Amino acid sequence: MKILVDENMPYAEILFKRLGNVQTLVGREISVSALLKADALMVRSITRIDGALLNRSRVKFVGTATSGTDHVDIDWLSQAGISFSSAPGCNAIAVVEYVFSALLWLAQRDGFALRDKTLGIIGVGNIGSRLQRRLNAFGVSTLLCDPPLAEAGVPGDWQSLETLVAKADILTFHTPLTFIGRHATWHQVDETLLSALPAGRIIINTCRGAVVDNAALLRVLEGGKSLSVVLDVWETEPKILLPLLDHIDIGTAHIAGYTLEGKARGTTQIFDAYSAYIGSNERANLIELLPLPTVRCIRLNGNIDEEMLRLLIHLVYDVRRDDARLRHTTGLPTEFDLLRKNYYHRREWSSLCVETDDDISLALLQKLGFKARLFSE
């Protein structure tokens with residue numbers, strides 16, 4: 001049994017060698033010739049999976065260690081009799097924590113309180129729903145837009161995108177990339193929407209680059225419109241529109257979902273799926289794989305206000321570090337990919353134990369995802 005695995009998938013080699021012979025390869029270099037003798041293929045989002053790649057192979061199982069699947073031609077796999085598994089929600093917590101880190105930095109810089117803002121969430125799946133719960137726990141008002149869920153009859157106080165544009169101080173996008181249908185998301189943020197936004201609004205895109213028309217965004221910003229923009233994903237990445245980086249507030253190299261926990265979840269989810277597919281009883285244990293964090297525990301006294309929460313969150317992850325890394329590159333596609341390949345072991349809030357002497361703070365910290373416990377002197 002030969003299993004071809006993206007070399008940047010953490011813990012993949014150590015896990016999948018329990019099930020067969022493992023070959024690792026750079027994701028963008030996975031090719032028809034590399035797959036000729038492979039029985040299974042494990043990828044990330046940078047590898048396009050379709051008939052052009054697989055129709056000469058003997059691959060019978062494909063796994064993607066990502067929650068998104070727009071890089072996979074699922075219909076073709078089904079017609080070809082190839083089993084498929086993804087990792088829904090594996091990086092959802094990481095993306096939520098990225099958004100929080102960015103928002104709290106903008107709040108500090110611009111002198112506003114996050115609790116005073118209304119945040120519009122476009123796309124309320126694994127990521128958007130988790131973001132809503134954490135924001136609401138922190139006292140932030142949210143507006144929700146997800147037309148497919150609304151039409152499917154899923155309960156919720158659903159709003160139109162036009163309503164969010166008019167009423168929300170912050171728009172954050174968590175949709176798949178789709179090109180057809182009434183609710184296609186390709187260039188959902190176009191020049192018309194950008195022009196309709198009141199000055200001072202904040203836009204965050206951590207889903208797919210082409211959800212935002214990058215050229216239109218650059219034109220609007222160069223035209224002098226006052227918007228704060230956070231982009232983790234870019235059209236035509238790894239080649240990005242460099243002039244746009246100079247006009248936005250935070251720019252990163254498609255790493256919002258790149259916590260060690262998130263990446264490890266993706267690997268373990270498809271490992272378990274493939275193990276079950278071949279009839280093996282092997283299962284992954286995420287906790288056993290993860291190393292101890294650099295900072296394991298911290299003690300806080302009294303009620304936690306927004307500034308204390310910002311300090312706590314930025315202790316675990318400060319998005320400005322990743323913004324600086326992207327700005328220090330020349331913008332070459334190879335450098336963009338290297339930032340992702342050589343990404344440091346960023347941890348999630350759950351890696352940090354927070355001790356507090358305040359019951360209200362304890363409840364908040366636990367709802368936000370920290371390991372929290374009471375202490376008494």
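Glycine is no exception: its Cβ is also placed from the backbone N, Cα and C atoms.
Predicted automatically and left uncurated, TrEMBL annotations should be read as such.
Binding of substrate is annotated in TrEMBL for T66, Y258; the matching candidate from S45, S83, S85, S280 at the same site is S45. Annotated NAD(+) binding in TrEMBL involves D146, T175, D232 plus, out of the candidates G200, G223, G257, G262, the residue G257. The DSSP breakdown of the domain 'D-isomer specific 2-hydroxyacid dehydrogenase NAD-binding' (108-249), given as helix, strand and coil counts, is 52 helix, 25 strand, 65 coil. Note on proximity: of the recorded positions S45, T66, E237, the one nearest D146 (NAD(+) binding site) is T66, by Cα distance. T175 (NAD(+) binding site) has a Cβ environment of 24 other Cβ atoms inside 10 Å. Of all the recorded positions in the record (S45, T66, R208, E237), the one with the smallest CA separation from G257 (NAD(+) binding site) is T66. DSSP places the residues of the domain 'Erythronate-4-phosphate dehydrogenase dimerisation' (289-369) in helix, strand and coil in these numbers: 43 helix, 8 strand, 30 coil.
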